[in-house]
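Feature annotations, reproduced from TrEMBL:
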type: ACT_SITE; residues: 164; note: active site
type: ACT_SITE; residues: 166; note: active site
type: DOMAIN; residues: 191-380; note: domain 'GMPS ATP-PPase'
type: BINDING; residues: 218, 219, 220, 221, 222, 223, 224; note: ATP binding site
Ligand code: XMP
């Protein structure tokens with residue numbers, strides 16, 4: 001395995017993803033845990049990330065010298081390289097003019113540049129430059145403005161790049177990483193989801209033994225894949241509770257039931273629509289709605305949990321980005337993550353089972369496919385816990401939910417048919433609380449305005465509204481007003497996030 005040592009760079013996860021794309025297992029650890037992790041995990045190679053700091057800053061992250069002496073190949077990137085230079089006796093200097101963006105790389109002979117053409121483009125963002133190499137190192141690449149942008153000490157298998165091979169702008173970045181991972185570290189491309197599934201199933205069997213496991217299944221990708229994996233491993237020792245709050249999209253509840261009801265586990269679908277609708281009667285404020293839905297979720301679980309009383313393990317669909325610790329700051333914070341609004345407090349359990357906790361989202365999807373889950377579950381876009389409850393503006397009623405479900409279905413269907421669903425990260429309809437006058441077959445109507453929302457984003461923290469072609473919008477609009485009763489006007493949301501959020505409530 002390859003260990004990525006994080007110095008607070010923004011691309012720690014990206015580097016790990018790129019190594020895993022090479023089908024080599026890889027984990028990310030914060031710099032202050034590097035030495036312990038090396039002893040514990042015995043990696044075949046180490047990659048230092050970049051970082052936001054200059055090594056001259058007072059609080060700049062440092063690394064123990066022993067890391068360089070443990071005999072394991074190291075590829076340092078950007079800040080990591082500057083740290084390596086400084087730690088091994090070379091000199092780094094602040095630049096007068098930051099070198100930033102795409103640059104051409106003049107390369108020398110190096111194992112890391114095998115089969116890579118001279119003059120290739122890489123992405124660079126340099127705050128400090130290498131002024132003097134440490135003993136035993138030679139320069140292996142330069143740019144127009146910098147004499148040393150790559151270095152190596154081949155006897156000690158220590159390498160440094162001042163540029164970023166992990167970003168797509170670096171044309172041969174992936175090949176350079178491959179040269180390190182395969183050529184220098186001797187790894188093989190054998191980390192596949194089929195192997196992962198086998199190992200994970202064995203591990204679950206070993207851990208759980210004859211014990212009983214409970215999983216709160218939301219129907220989202222992570223909990224669905226967790227359910228599939230656990231059910232393959234332990235069959236009827238797994239109980240899944242799927243709370244259908246009535247705020248699912250069209251057919252979704254049935255699809256989840258269909259996928260799991262005969263999978264060998266105990267699948268409990270709680271049809272709680274009436275309960276939720278009752279609880280939400282008269283509530284119009286978005287925050288109050290969210291709170292009420294979250295609380296009711298927990299109540300439903302508790303009621304089901306009381307019937308089960310005790311299990312040995314509680315399973316969760318936690319994934320890797322939720323647990324990667326930050327490399328910066330003292331006492332790194334670990335984010336906790338629950339797939340549903342709450343855990344059943346009334347159920348006693350002795351430990352957690354989190355079989356996806358080392359996987360990135362797209363790996364979870366791949367694993368789901370490997371386990372035979374249908375595409376409609378595996379490729380599902382993010383869906384908020386409160387579901388359509390926060391996409392019906394104003395008071396939620398069964399009628400409004402049904403109208404929204406039908407309209408949302410048409411929108412999604414048309415985008416999928418047009419082949420746009422792969423590029424748009426989230427797309428859905430919102431039933432506004434606004435009614436306007438229209439005319440249908442010569443008769444006056446006074447019906448709802450439906451809003452369509454589609455965004456492109458990588459992290460959902462910021463998002464750009466999607467430029468859906470007019471013809472597609474036109475088709476969606478015509479179909480919805482034609483096929484769905486009580487909608488007579490369609491608007492398309494053209495605000496990005498910020499200042500808007502993705503959801504309307
Ligand atoms: P906003 O509206 O904050 O949404 O821009 C960002 C992303 O988060 C999703 N979202 C939720 N996900 N529980 C969830 O699991 C929630 O309560 C929730 N609210 C928003 C939203 O769909 C978008 O992907």
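The backbone N, Cα and C atoms fix where each Cβ goes, and this holds for glycine too.
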*Taking every protein chain shown into account, which of the binding-site residues 219, 220 has the largest tally of Cβ atoms within 10 Å of its Cβ?*
219
*asked:* Using a 10 Å cut-off on Cβ-Cβ distances across all protein chains shown, tell me which of the recorded positions (166, 222) has the largest neighbour count.
replied: 166
*Rank the binding-site residues 223, 224 by the number of other Cβ atoms within 10 Å of each Cβ, and give the residue at the low end.*
223
*asked:* Can you tell me how many other Cβ atoms are located within 10 Å of the Cβ belonging to residue 164 (active site)?
replied: 21
*Determine, from DSSP, whether residue 222 (ATP binding site) sits in helix, strand or coil.*
helix
_Averaged pLDDT score, the domain 'GMPS ATP-PPase' (191-380)_ = 88
